[in-house]
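Asker: Feature list, courtesy of Swiss-Prot:
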type	residues	note
BINDING	N499, G500, M501, V502, D503, C504, S539, G540, S541, G542, K543, T544, A545, L546	ATP binding site
BINDING	T544	Mg(2+) binding site
Amino acid sequence: MAGRYGSQVMTMTVTNTPSADLAFTNLAYCSSSDLRQFSVPGSDLFLANVADSFILSLCGHGSIRDGNIALNAIQRRHARVSTGDMVSVSRFVPPENFDLAMLTLELEFVKKGTKSEQVDAALLSTQLKRKYTNQVLTVGQKATFEYHGTNYILTVNRADVEGQDHTNGIERGLLSKDTYIVFEASNASGIKIVNQREAASSNIFKHKEFNLESLGIGGLGAEFADIFRRAFASRVFPPHVTSRLGIKHVKGMLLFGPPGTGKTLMARQIGKMLNGKDPKIVNGPEVLSKFVGETEKNVRDLFADAEQDQRTLGDASELHVIIFDEIDAICKSRGSTRDGTGVHDSIVNQLLTKIDGVEALNNVLLIGMTNRKDLLDEALLRPGRLEVQVEISLPDEAGRLQILQIHTNKMKENSFLGTDINLQELAARTKNYSGAELEGVVKSATSYALNRQLSMDDLTKPVEEENIKITMEDFLHAIYEVQPAFGASTDDLERCRLNGMVDCGHRHNHIYKRAMLLVEQVKVSTRSPLVTCLLEGPSGSGKTALAATIGIDSDFPYVKIVSAETMIGLSESTKCAHIVKVFEDAYKSPMSIIILDDIERLLEFIAIGPRFSNIISQTLMVLLKRLPPKGKKLLVFGTTSEVTFLESVGISDCFSVTHSVPTLQKEDAKKVLNQLNLFSEDDVDSAAEALNDMPIKKIYMLIEMAAQGENGGSAEAIYAGREKININHFYDCLGDFIRFTG
């Protein structure tokens, strides 16, 4: 709401105000003849836009010569002019409905020192309106004001005109007798505002609004809004409001989630945004001491400053923020640590006493961070303690885009980003990447661009900065190089199908299609957050390769394979913990696939006896039936060659669907041999006949043996297509193969 300006812009000479007392009026002064040019039609107001910075009310003064305008020191500083300078001045005509509905002013002393004052907001508002009514005030403008013998500087922090859209221009308005004025003062100013009602007092924060991207926080808008509502909304209001509501401030919050998602960053930025004491940042293990009682004293010392302020200042005390990184290191469940000292139990007791004890502090905000919430003592998580618990999870695609924009912002500003960069595509490609991993991708991409400008033969060669360009190809290389901790284990899955996938006939194709329907069901259904499928069949029939192919083709962000080969030599309890961790990690991803390969091997099954691990069996049965958290979806595939055993122990009943993966019949084997093209056309039928009812894995092994030739050295020519496998040698290999494997 800019108003209208006079058609004529004057250039006037800046002078001092005629007398010291006029400096406190916030008026500008000029000659009587010049004053007429700034008259607002239909009123007795004289308004001028000075240097396109702010609007001042003018008054005529006999000592001011024509062509001069008198400004006080504060006004000259705001207009960035000195006495004797020329400044542009034009008439300002306010638009309709220009009266201020609400005005927020920050108070500070003109002479800063150790003096402290208590200011009555109601009396100051009355005095201010008496002197400043019908003046136009602009956000950012400063004015000097004398109140009860003390000189103050007023800074306009907010100017709200009813119905005005702040996005359309500068925030300003006309002070009227109906304007509601809110006064603010920083804790360091020495000014205490009393008798102020009905309006929020936002001096708890250093800034009046938050731009999370400028703080380096991306993809956490919803989480930050939740934190603000629950932990800070009550602190924004004056103490008497919360007192009348009968509520207590939140004293603690817990940020938990996977590593690298921004928990520490958010806690640090929250600490920086708050007015008051600098936050105390404590890494969990730093509190511990080898001396008896010293650890508990270290905890008490963290709260010492807050206790002192509470005693001396009461409700006016500054907020003290204490940030505990890796809080699970010192606040484990009481009784879980068997070190004989009980020091971890004492730490929990000491924290509970300080936060929520008999003499609990009301000026403390404790922020804890952990990726192992399950290790914390339950008493810490109850209301009154770390009651606000916010999960900082892996960012979604929109969040990843914000994070990439933050980390590439400087590159873009300095023209280092190539024109082919598509951040939206990169965000789509980086599923389940944490914020830290996305930063790693940007660093890796930058390293490729920088490396192109270096010569290994002469590292002292000057670098031409304008040639540094980070391209889309650099980012694609970086994505391949930096793998997410909670992503799909593509390399592990590819190792499960080293020979690729061939068409094994309609029976295998049917199983693949039915399994992909389960994938689609998990993706779109709101009623099936957990789907489980068991692939059973003879050893070597391709169950693991089929499951791995489904995992790769599913395009799920998290695909993990659990096999006995990664747990060789581990105890039963350690194996259980490993399996549980894989499931817990899967719950952190929106959609996940877990492949339990060779379940009988995981259970340490031996047919003689029989023997198996009951602990692992019970763990699997619980996990296969446990629903993932709300909003998360999980698909579990299991493979086994001992389905009868799994039926006897009840594990097969935990799977919703069971598919039998068969051996290859003659027609299937012929189809495979035709695709491999290693036999002559005349020999394919004979070879397929011999391979009837054989698993695909054994077929591959047999063909590998036959491809070596009778005297060895034939494999290269055969795979290159220059020669074919000799059918007689193939039969010889088949006889040996059956004798040794059958």
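The backbone N, Cα and C atoms fix where each Cβ goes, glycine too.
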Asker: Around the Cβ of N499 (ATP binding site), how many other Cβ atoms lie within 10 Å? Please give the count over every shown protein chain.
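Answerer: Excluding its own Cβ, N499 (ATP binding site) sees 14 Cβ atoms within 10 Å.
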Asker: Using the alpha carbons only, what distance in Å do you get between the residue listed as 'Mg(2+) binding site' and N499 (ATP binding site) once rounded?
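Answerer: Each residue's Cα considered, the residue listed as 'Mg(2+) binding site' and N499 (ATP binding site) end up 12 Å apart.
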Asker: I'd like the Cβ neighbour count for D503 (ATP binding site), meaning other Cβ atoms within 10 Å of its Cβ, all protein chains included.
Answerer: 12
Asker: If you skip the near sequence neighbours and keep only those at least six away, which residues in the chain come within under 8 angstroms of S539 (ATP binding site), Cβ to Cβ?
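Answerer: Looking at Cβ-Cβ distances below 8 Å from S539 (ATP binding site), excluding near sequence neighbours, one finds S641, P695, K697.
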Asker: Could you check the binding-site residues M501, A545 and say which one's CB has the most other CB atoms within 10 Å?
Answerer: A545
Asker: Within 10 Å of its Cβ, which one of these binding-site residues (S541, K543, T544) has the largest number of other Cβ atoms?
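Answerer: The residue with the densest Cβ neighbourhood is K543.
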Asker: Among N499, G500, M501, V502, D503, C504, S539, G540, S541, G542, K543, T544, A545, L546, recorded ATP binders, what is the largest CA to CA distance in Å?
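Answerer: Largest pairwise Cα separation, rounded: 19 Å.
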